[in-house]
Amino acid sequence: MLIPLFLSLIPFISSQTCPDIQASSCEEKQNMSRTLRTIARIINPPELPEGDGARVRRVVGTNQLKNLDPFLMMDHFFVSKPAGFPDHPHRGFETVTYMITGSCKHEDFKGYAGEIGPGAVQWMTAGKGIMHAEMPGTDSMEGLQLWVNLSREYKMCEPNYQDAGESEILKVEGDGVRATIIAGTCLGQTARTVTRTPTYYFVVELERGKTLNQEIPDGWNGYVYVLNGTVSIGNSNLSRFQAGILTQNGELRIESSEGAKFALLAGRPIGEPVVQYGPFVMNTREEIEETFNDFRSYRNGFEAGRGWVSKIRDG
């Protein structure tokens, strides 16, 4: 998703080390406790213009919440033709697109193209460089796009895609809880997604009066974003389009008295400096300057961008 290149540099410094590549699972149970996580802060995501005529509710990536290590941004997007996200670059992180309604056409500068339908997911590792376009494949589309940071070890890796159609994504049901497991482990089942940054990502539907009990490794950051209905976490309530930032330790218990649909995300902090300039995310300002030079000179990952114009950019 396009972020204007004129955005200011956004430094963020933490202190933990980077992980090895792995499929996120509940194997990481060190220091798992039986205390309950609560809501540390409630976010009311602003609606913003984005791309070319699109509108988004930005959950992560504003002055309210610039980032939540390892998450750089999350948009709940609403797009109608001819709006969209025409040709733009990325480096240094991953984008995860989950379609709620409609479909999204995708095309990159190496000829990889397709269409992400309702309920489908594209997990794209930009690594050292991608240029691509994302445009509506139907008259309108709604979905979530998450940006997951990469550690220094992986920022210059080769680009990669993990695509899954609606029928290929792991889904689990039990006692009034239905979970779409994009990454990580929920209700005893683990997605096959390989996550360079250990991540849990679920879209959950709760029936009226039902509860989700979810273990999350201590020290991980996480949040809940409500798509429909209301949920309760401890003494806090979240309504539609609200996000609740979770405390870092304990099991998570989410209840709904009237039924709800929400996204639950959690990730192990990378703990490295973050310097972001629009669609480029590196560790230092010097690396950002090098990225701009690479992009403008079509080198070090951007070679295929010379003269490239997507076939879908005009809808």
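Positions of Cβ are set from backbone N, Cα and C atoms, glycine also.
A TrEMBL annotation is a machine prediction, not a hand-curated record.
TrEMBL lists 1-15 with the feature signal peptide. As annotated by TrEMBL, domain 'Pirin N-terminal' applies to 54-148. Marked as Fe cation binding site by TrEMBL: H88, H90, H132, E134. Annotation comment: TrEMBL describes 201-300 as domain 'Pirin C-terminal'.
Locations of recorded TrEMBL features on the structure.
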residue : record                 : CB count, 10 Å
H88     : Fe cation binding site : 21
H90     : Fe cation binding site : 25
H132    : Fe cation binding site : 25
E134    : Fe cation binding site : 32
Inset, instruction - Determine, from DSSP, whether H132 (Fe cation binding site) sits in helix, strand or coil. - result: strand
Legend entry - the domain 'Pirin N-terminal' (54-148), counted residue by residue under DSSP: helix, strand, coil: 0 helix, 65 strand, 30 coil
Inset, instruction - With DSSP as the reference, give the number of residues of the domain 'Pirin C-terminal' (201-300) in helix, strand and coil. - result: 13 helix, 51 strand, 36 coil
